[in-house]
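J.: Take this structure, written in structure tokens, and hold onto it; I'll ask about it next.
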Amino acid sequence: METSQPHNAESMSQDLSELLKEATKEVHEQAENTPFMKNFQKGQVSLHEFKLVTASLYFIYSALEEEIERNKDNPVYAPVYFPMELHRKAALEKDLEYFYGSNWRAEIPCPEATQKYVERLHVVGKKHPELLVAHAYTRYLGDLSGGQVLKKIAQKALQLPSTGEGLAFFTFDGVSNATKFKQLYRSRMNALEMDHATKKRVLEEAKKAFLLNIQVFEALQKLVSKSQENGHAVQPKAELRTRSVNKSHENSPAAGKESERTSRMQADMLTTSPLVRWLLALGFIATTVAVGLFAM
């Protein structure tokens, strides 16, 4: 017992970014050993699952960024406040409008697990702002690190436009050099004044962020599985609306290209195993976190 306290103190003297990496190592290894981590690279992902995940991300980032704005002048968060470079809400809004149409807010689902994640973010922002950095770091640097790779895979797998529609989430226009920006972010985060007890709480909150993500994935999987048990694929209202619009304009040149793209997407959904498709869709989000934490 006499040697444990000095060792613990020495450990807590490490940079916060390194402590976060070590604290989340186990959950990272678990993610690495799941089937989707390898299969994802094959680009086997369907449009519908991708849309569901994007919708949940919108609710999560809306809550996260609301609390960041609340605490932007608070010394426990202000040094890592980079809204122009990192914030994702506006980008997700663009993606959702592309996928669901102008009425997307009425179309997207918010599962109970997603709402639980949202509620935790609000509790942290309002009552424990010193823990907000745990959520920001695991999300933003993960998205930034893995974003470009995932963008290319999604673009090819879903046959999305080369101009980037539907992929705004993965595009960080405010970051010209990702490596240098991550170095800046880590240095700012490591400079946050934080005692040992607070550091421990931040590390626990980072692990909790991973668990909340997993719960969201499980909830979305149940949503899809329930539909499959009923013997039909989930049909979002927006997809039905798109078909109706396309039918009324089927003779236009633009409609021809859109019809061809839609057909390819539907073929992709039919030829890929439902289980594999879902695991891969979850991989988009889990991979961004894992890559972000362990590729720096």
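Yeah, the Cβs are placed from backbone N, Cα and C, and that goes for glycine too.
Since this is a predicted model, take the numbers as computed values, not measurements.
Features from Swiss-Prot:
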type	residues	note
TOPO_DOM	1-273	topological domain 'Cytoplasmic'
BINDING	LYS21, HIS28, TYR137, ARG186	heme b binding site
SITE	ASP143	site 'Important for catalytic activity'
REGION	231-264	region 'Disordered'
COMPBIAS	238-250	compositional bias 'Basic and acidic residues'
TRANSMEM	274-296	transmembrane segment
J.: Counting other Cβ atoms within 10 Å of each residue's Cβ, which of the binding-site residues LYS21, ARG186 comes out lowest?
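T.: Comparing Cβ neighbour counts within 10 Å for the binding-site residues LYS21, ARG186 gives LYS21.
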J.: Relative to the Cβ of TYR137 (heme b binding site), which residues of the same chain, six or more apart in sequence, are found under 8 Å away?
T.: SER17, LEU20, VAL80, TYR185, MET189, ALA206
J.: What count of other C-beta atoms do you get within 10 angstroms of the C-beta of ASP143 (site 'Important for catalytic activity'), across all chains shown?
T.: 23
J.: On the three-state reduction of DSSP, what should I expect for LYS21 (heme b binding site)?
T.: helix
J.: Across the whole of the topological domain 'Cytoplasmic' (1-273), what does the mean pLDDT come to? Round it, please.
T.: 80
J.: Give the distance between the Cα atoms of LYS21 (heme b binding site) and ASP143 (site 'Important for catalytic activity'), rounded to the nearest whole Å.
T.: 15
J.: Taking just the CA atoms, what is the gap between ARG186 (heme b binding site) and ASP143 (site 'Important for catalytic activity') in Å?
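T.: Each residue's Cα considered, ARG186 (heme b binding site) and ASP143 (site 'Important for catalytic activity') end up 15 Å apart.
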